[in-house]
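Asks: Marked as domain 'G-protein coupled receptors family 1 profile' by TrEMBL: 41-290. Residues or ranges marked as transmembrane segment in TrEMBL: 27-48, 60-81, 93-118, 130-150, 199-226, 238-260, 272-292.
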């Protein structure tokens, strides 16, 4: 009997760190601060990129999409985690679990592809500057964004279907903070190796191919930057690309650790911490990294603040 036939169970128990009650309050405070920072940071980036005409470029168009994605990504899990931590009954409905699984997978896969698209944008800007306007035209940018979202949700449907069709045999306790593939596979009472192999294949496509393209892009970028005679030009190029590489390292490093190994080989507590990192803390760090390390973004923030102050007067 698969999950679809067992939906009458109504709800599942999300254990989280239930066996460590002393962690509940510190974790609640940490997640609340992280979520609040994520909302404020990403909304600020979206507003600045939209309101400042100087930031109406492909780079900041992609950054705006990344901010929208990160807001949705964290909202798909954090509010429910906070609710469960603050209550003794740590449950989620069957429908809620399925929706959370599909949304989290879709947005995570979309972010992988979007980061690859952003690296291609930097490659064209630095290595093909004379052709940048022609290559990165608005129609091409929209198609790349649409491709990222469509592929992300397609991957989610495939992986969710494989996971939810495993025999679940009445097990209700999910040893995690939210409904995620590795944790849900551990509920199955059947041999998961064939399904794990298929999910591994899709994870390779979504994780390793984008990160490989990103590394290739930045290999060419590094060569081009080193040929720049101006020290200021090299500094600006490395600063812009450095922000992107920090984000890539944080997000892909933790995601690859979680999805490209058998579920049984991951320590249950360490797996939860890694999931919290790429699902919650990385979206919080993205706006901080891009705003603090990006001169154009900092100047845009100043202009917006001055304009706001002027209109208030």
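Each residue, glycine too, has its Cβ placed from N, Cα and C.
Caution: TrEMBL annotation is automatic and unverified by curators.
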Asks: If I count Cβ-Cβ pairs under 8 A between the transmembrane segment (238-260) and each of 27-48, 93-118, 130-150, 272-292, which range comes out on top?
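Replies: Most contacts with the transmembrane segment (238-260): 272-292.
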Asks: When only pairs 6 or more apart in sequence are counted, do the transmembrane segment (199-226) and the transmembrane segment (27-48) reach 3 or more Cβ pairs under 8 Å?
Replies: no
Asks: Averaging the per-residue pLDDT over the domain 'G-protein coupled receptors family 1 profile' (41-290), what integer do you get?
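Replies: Here the mean pLDDT over the domain 'G-protein coupled receptors family 1 profile' (41-290) amounts to 84.
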Asks: Which stretch from 60-81, 93-118, 130-150, 272-292 shares the most C-beta pairs under 8 Å with the transmembrane segment (27-48)?
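Replies: Counting Cβ pairs under 8 Å, the winner is 272-292.
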